[in-house]
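Everything below concerns the one structure shown next.
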Amino acid sequence: MAPPPFLTSPEQYKELFDSVDTFLLDCDGVIYHGPVVVEGVKTVLQLMRDAGKKIIFVTNNATKSRKMYKTTFDKLGIEAYEEEIFGSAYASAVYMSRILNFPKDKRVYVLGEKGLEDELDAVGIQRCGGTDPEDRVFIPSMDFSHFPADPTIGAVLCGFDSGINYKKLGKAYSYLRDDPNVHFLLTNQDRVFPTSGTTYPGSGSLSAPLVFALQGKREPTVIGKPNKHMMDAIIAEHHFDPKRALMVGDNLLTDIAFGLGSDVRTLLVMGGVTHKDQVYGPEPSDIRPTFVVESLGDFAVLAKN
Ligand SMILES: O=C(O)[C@H](O)[C@H](O)COP(=O)(O)O
Ligand SMILES: [Mg+2]
């Protein structure tokens, strides 16, 4: 099979832009790298707004709630509305409340940050762990007295947690080891996090010790891209024609697989977590985007025409 077209000309950008009614936009690595908006992207987003396109921000980053993302976009000078923003924190809260009907008398043990906690609070799910200072401590070496059984725990939910440590992993592991009815949930399983032109361990690499320790006994349900739970959450609130939609992302394993799984065309951008060789090299990934471009910001040339 021929490699996907690498778009370079305004004519190519215009043909694709005109064929899309709904843009599903990944955030980290596409809209911004950490605190820096990708060059030209603001212009392209305005082009989309002016052309009446539907925009849906779809991010696996579970550190922020919808409200927090709205504040972030405001600070970055990007027009965005809460109902357009689907982060894996929001999708996980929706999944637990609407799909699992998580019991009110149970608690979820969280590996994650305030954004994930806020989304759980918003749907009335009782939680523990997370940013609780009691769990963000180092325990004495080989002291396993910190992992008492807790029958109130009905789920373990792991997202990006910059305070990850042995106490958190030990508690999460114990709950999952002892009770097969405790749900094992990951907000997402990204291997790396793209920022400042490089990458760091992502959520998937932070929950990997649990997956590794439990291997064979428990497999996690992953809610974020590429999994359908994320698309189900979007479709429940936004109806769109997949044939006239485009998923724009920097990650083959999450964004492009997400689009492929929902029959949505995909546009892979460089500069995030994917190297050109993974698409055009001697051993390309079998996850094949529909189109490739250097940056979403390259479409800004259409604003001059
Ligand atoms: O580690 C993570 O959680 C992910 O790398 C990061 O959050 C990806 O976010 P996205 O590219 O889906 O916006
Ligand atoms: Mg990304």
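Every residue gets a Cβ built from N, Cα and C, even glycine.
If you look up TrEMBL, you'll see Asp26, Asp28, Asp250 marked as Mg(2+) binding site. Annotated active site, nucleophile per TrEMBL: Asp26, in sequence order. Annotation comment: TrEMBL describes Asp28 as active site, proton donor. As annotated by TrEMBL, substrate binding site applies to Lys225.
Asp26 (Mg(2+) binding site) sits 10 Å from Lys225 (substrate binding site), counting Cα to Cα. Annotation for the binding-site residues Asp26, Asp28, Asp250: lowest Cβ count within 10 Å of the residue's own Cβ, Asp28. Same-chain neighbours of the Mg(2+) site beyond Asp26, Asp28, Asp250, judged by a C-beta within 8 angstroms of the site's C-beta center, are, in sequence order, Cys27, Gly29, Val30, Ile31, Thr59, Pro194, Gly249, Asn251, Asp255, Val269, Gly272, Val273. Put simply, the residue listed as 'substrate binding site' is 12 Å from Asp250 (Mg(2+) binding site) when counted between their Cα atoms. Cβ-based neighbour count (10 Å, all protein chains) for Lys225 (substrate binding site) stands at 31.
Only Asp26, Asp28, Asp250 of the binding-site residues listed as Asp26, Asp28, Lys225, Asp250 bring a Cβ under 6 Å of any atom of ligand 2; the order follows the sequence. When the Cα atoms are compared, Asp28 (Mg(2+) binding site) and the residue listed as 'substrate binding site' turn out to be 13 Å apart.
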